[in-house]
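Over in Swiss-Prot, the protein carries these features:
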- E111: site 'Important for acyl-CoA specificity' (SITE)
- C142: active site, acyl-thioester intermediate (ACT_SITE)
- K163, S192, R249: substrate binding site (BINDING)
- S192: site 'Important for substrate specificity' (SITE)
- H235: active site, proton acceptor (ACT_SITE)
- E237: active site (ACT_SITE)
Amino acid sequence: MPIKVQNDLPAKKILEEENIFMMDEKRAMHQDIRPLKIAILNLMPLKEDTEVQLLRSLSNTPLQVDITFLTTDTYVGKNTATSHLEQFYLTHEDVKNRRFDGLIITGAPVEQMEFEEVAYWNELKKIMEWSKTHVTSTLHLCWGAQAGLYYHYGIKKYPLPDKMFGIFEHKLLNRKEPLVRGFDDVFLAPHSRHTETSREEILQNSDLTILAESEEAGVLIVMGGDGKHIFVMGHPEYDRITLDNEYKRDVNKGLEIQLPKNYYPSDDSMQRPNLSWRAHANALYTNWLNYYVYQVTPYEL
């Protein structure tokens, strides 16, 4: 898929080196097709890493995608240069009168706080309410999925005794749903979180369907209604070394952290981790764009 981004976005050069087709603004203007307009609300602290991961994940269909990065106005993180945010990001206030084919709400390192304690919670609520009328389909990731289930369905999150950290095996529960088309019966996905959402509470809501879950890691993929809202509790977009970076960061800080499960060969953190989840991650994003965005959205937004 040609991904349309600003010409000078640093992630563009990284992905071009991976032979991923990144289309500049000038060339995109001369294509006689309407690109899918996708907004990404990037709540992760290392925003440039997340940009690369998500753009890579969105690059596997022939559809042209026009990306708009969003950040919060009520909170500015310390891990991304202000100049980068000013150059490549907008806020909800900037786009509130626009319509998008799709929206991705990322995770955020705030899951051990109550939702109402998060500095930008009120702003996020406005964005999620706005998405009901201005976005064809919204994909919520990790904490973003917990926040979405809480806001739209009143489903709470609960603390885990130990961090869910590693690569876990999941079972497919509903093969007929297009979101998981092409998935194997059993597949792997990364998790990195301190809280969980109750399977029982999800099942009590007739509008929600669990599509995949793990005996160890719990629910992974939940679909709301006809796909207007999709919730993914893990991090399928993570690249090979993301969990490695998180683990070694916490070790260097002197924090108590266990090895990520099923990640390092022989549980040796000096060895290069195996990349065992990307095919299904790519299928997830491709299916979302194709079946829940492209085939549903009107030609004129």
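Along the chain as shown, residues are numbered 1 onward.
Each Cβ is built from the backbone N, Cα and C atoms, and glycine gets one as well.
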Annotated substrate contacts K163, S192, R249, maximal Cα-Cα distance (Å, integer): 15
R249 (substrate binding site): tally of other CB atoms within 10 A of its CB: 11
From E111, K163, R249, the recorded positions whose CA lies within 10 Å of that of H235 (active site, proton acceptor): none
K163, H235 as recorded positions, winner by CB count within 10 A: H235
Other CB atoms, at most 10 A from the CB of S192 (substrate binding site): 20
Integer Å distance between the CA atoms belonging to E237 (active site) and K163 (substrate binding site): 19
List of residues, in chain order, with Cβ under 8 A from that of E111 (site 'Important for acyl-CoA specificity') and at least 6 apart: C142, W143, Q146, K157, R193, H194, T195
Other residues, Cβ within 8 Å of K163, S192, R249 Cβ centroid (substrate site): F165, L243, E246, Y247, D250, I257, P260
DSSP-derived structure type at C142 (active site, acyl-thioester intermediate), helix or strand or else coil: coil
Distance from the residue listed as 'active site' back to S192 (substrate binding site), taken between C-alpha atoms, in Å: 12
Cβ atoms near C142 (active site, acyl-thioester intermediate) (within 10 Å, other residues, all chains): 28
Rounded Cα separation (Å) that holds between R249 (substrate binding site) and E237 (active site): 19
Distant-in-sequence Cβ neighbours of the residue listed as 'active site', under 8 Å, six or more positions away: T50, Q53, L54, R56, S57, L141, A281, Y285
